[in-house]
Amino acid sequence: MSAEGYQYRALYDYKKEREEDIDLHLGDILTVNKGSLVALGFSDGQEARPEDIGWLNGYNETTGERGDFPGTYVEYIGRKRISPPTPKPRPPRPLPVAPGSSKTEADTEQQALPLPDLAEQFAPPDVAPPLLIKLLEAIEKKGLECSTLYRTQSSSNPAELRQLLDCDAASVDLEMIDVHVLADAFKRYLADLPNPVIPVAVYNEMMSLAQELQSPEDCIQLLKKLIRLPNIPHQCWLTLQYLLKHFFKLSQASSKNLLNARVLSEIFSPVLFRFPAASSDNTEHLIKAIEILISTEWNERQPAPALPPKPPKPTTVANNSMNNNMSLQDAEWYWGDISREEVNEKLRDTADGTFLVRDASTKMHGDYTLTLRKGGNNKLIKIFHRDGKYGFSDPLTFNSVVELINHYRNESLAQYNPKLDVKLLYPVSKYQQDQVVKEDNIEAVGKKLHEYNTQFQEKSREYDRLYEEYTRTSQEIQMKRTAIEAFNETIKIFEEQCQTQERYSKEYIEKFKREGNEKEIQRIMHNHDKLKSRISEIIDSRRRLEEDLKKQAAEYREIDKRMNSIKPDLIQLRKTRDQYLMWLTQKGVRQKKLNEWLGNENTEDQYSLVEDDEDLPHHDEKTWNVGSSNRNKAENLLRGKRDGTFLVRESSKQGCYACSVVVDGEVKHCVINKTATGYGFAEPYNLYSSLKELVLHYQHTSLVQHNDSLNVTLAYPVYAQQRR
C-alpha cells in the first residue's frame, strides 16, 4: 500500500525551535504526504512553491526524523510514492582483506585496496568522510603555498598511511608527516573508492554542457544543478562539494603553489571521473567541466530567509495502546539466543529506528541486548536486570523488558543517550520471517526447492570461479610489486656504476687524447654507451611492469566488486532454499524425496540419507536425553568420542535445554530455545513440537546454518554409541 507524496531538499540549516519541529541540514531530503497538504486546503500545483505554504509536516529521509519544517528553507524536487518502511535488498559491500603477518609493501598494497563506499563512511550532518576531512585539513595547513603540491610523488607508501588513518584516524599526528605523503594518500583515497565521486550517469551531460555552452555563467549554473540531488547520491554530492571547496582554496593561492583551476582539474579529473577508454576530446570536456566548477566560490552560503509565521498547534495526548503485560517470548521483536552476525544480517539496510532484542552474549539470566539502527549503523545497548527491574542504566525503573521497549517506542532514546535521538519505530518481527513459502502443496514447494537449489549451485560455482581468479590475481600483484622493487635496486646499482665510470673515464680520455690513442677512447665511449643503454632497457621493463600492475590492480578491484555483488544473492538463495527445505521436513517429507529435489541421489552431503529413519537410535530419547546434567558432566561424557556424538540436557537458563556435541574433537554447547512456536536453536527455526523431532531433523541437517563453527550433524547419541 502506498500513498502519493512530494519530495523537498533543504537549502539551509535549521535548528528546531519547538518540540514538534525537526532539524534541517543542507542537502537533507524530506518527504511530505499529499494528504497533509490537502487537509490544509492547498490544491495541486502549490506543492511546488513551499515558501507560499509556510510550515510543512513531513519525514526527513536523511536523519529519520518526522515533524514540522519551514517551507522557506527547502526547494521542491518532485512527486514520490510513499510506502511503509521495509527492509531493502542487501547491496554489495566491499570486505577488508584479512591482515597477514608479513608487512611487505605488496601486502600493504593488497590490504589498502578495499574501501567502503561513501554512503557507508559518513552521514549528515557530517559534510564529508572523517578521513578525508582530516587529510585535507592537514594538507591545507602544511602545503597551501607549496609549489610542488600534488605534482611530486613521495617516497613513502601512501597505502600504509591510509591504512593507519583508517584504523585510528583521531590519534594520528599528521603534523609529523610530510605534505607530499599526505597528498599521495589523498589521491590514493579517491582512486580506491569503489565508485567514483562523480557517477558515470552524469558524464555525458557534463561533457555536453562544457562543449556547447559559451557563457561561463550559464554553464556554472547548469553544472551546479546537474551535480546535485537526485542526479547523484547524497554522500557523493556532499563529498564533491567539500573537494571543490578545497580546490578553490588552493586555486586562490596559485601565485605561490602554481595550482590554478586548470592544473587542478587536469590532476584530479582521472580519479573524480574514472572514464574508461575516453577519447582525448571527451577527456578535455570533462577537465573543462571540473575547471569551471573549481573556479566557482563554494564557501559562501546565502543567508537563510526569514521563518514563515507558525500558527499555534493544539496539544495532543499520546495514546499508548501497547500491552505492557505481554510475555517477552510472545513479543515479535524478541529473537532469543541469536548471534550478533545474524542480527547484523536482519538489520542490514533498514531504516533508522529499526530494532530487535536478543539475549545478551554474557549469558547472564535476565540481561538482554537491544540492537537499534541509527545513522546507518547498528547501535548495541545492554538491557540490565537487577532486583526485578530493567533498564539501560541506573536507576533501573521498568518492570519488564516489554515495558521498557514500549516506553521508547513513544519516547526518544535521547533521554538515555543524547546521541541516540531516535525512537524504536520499526520492530524486526520474528513472525514475518516464515512467510517465504507461498505455495500450498508439497509438490509445488518441492519444485521451488529444486529451482532455488539449482540457482544456489550456479551462483556458488560462479563465486568459486571468481574467488580463484581473485586469489591468483592477488598473488600476481604481489609478485609484480616484488619484481618492481628488484628493478629499482638493479637500476640503482647500474646508475652508481655509471657515475663511477664517468668519473674515472674523464681522466683516461684526457690521458689517451694526449697519447693520441683514439682506439682506447672509442672503447671507453662504447662501454659507457652500452651501460647507458642497459639502464634504459631496465627502466623500460620496469615501466611496462608498472603499467601491467596498474591494469591488474584495476582487474583485482573489479573482481572484488563482482564477488561482493554476488555474495548477497548467494546468502539470500541459501536462506530461501533452507526455509523451503525446513517447510518440507516439517510436513513429514521423506529424505529420499528431498534428495531427489536437491539432486543428491548419488551424492553424499548434509542432505544425504545415511540410514532409514525407523532404524535410527535417535527415536529412543534415553540414548541422548541426560536430564539435569551440567556442562562439566556433559564434557566428561563426550570426551574422546567421535565428531557428531551428542547429548541433550537441561540448561542453566530457565525453561530451555542445551545440546552438547563433539566438533573437530572438542565439545561445543548450544542453547535449545523453548518458545510458544516450538523448540529450536534460533528464530525463525523454533518450530519443532518436541526435542525428539528437533534431534531427528538435525541428524541429517548440519548445525552450521546457526553457527559457522558447528559444521556437524547430531549423528551419534552418546549412550547409543556406548552400547555398541
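Cβ atoms are placed via backbone N, Cα and C, with glycine included.
Listed in Swiss-Prot for this protein:
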| type | residues | note |
| --- | --- | --- |
| DOMAIN | 3-79 | domain 'SH3' |
| REGION | 80-109 | region 'Disordered' |
| COMPBIAS | 84-97 | compositional bias 'Pro residues' |
| SITE | Arg151 | site 'Arginine finger' |
| MOD_RES | Ser154 | phosphoserine |
| MOD_RES | Ser279 | phosphoserine |
| DOMAIN | 333-428 | domain 'SH2 1' |
| MOD_RES | Tyr467 | phosphotyrosine |
| MOD_RES | Tyr580 | phosphotyrosine |
| MOD_RES | Ser608 | phosphoserine |
| DOMAIN | 624-718 | domain 'SH2 2' |
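Features as recorded by Swiss-Prot, highlighted on the structure.
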| residue | record | Cβ within 10 Å |
| --- | --- | --- |
| Arg151 | site 'Arginine finger' | 14 |
| Tyr467 | phosphotyrosine | 13 |
| Tyr580 | phosphotyrosine | 23 |
Could you find out if DSSP has Tyr580 (phosphotyrosine) as helix, strand or coil? helix
Separation of alpha carbons, Tyr580 (phosphotyrosine) and Tyr467 (phosphotyrosine) (Å): 28
Spacing of the two Cα atoms, Tyr580 (phosphotyrosine) and Arg151 (site 'Arginine finger'), in whole angstrom, works out to 59
Can you tell me how the residues of the domain 'SH2 1' (333-428) break down into helix, strand and coil by DSSP? 21 helix, 30 strand, 45 coil
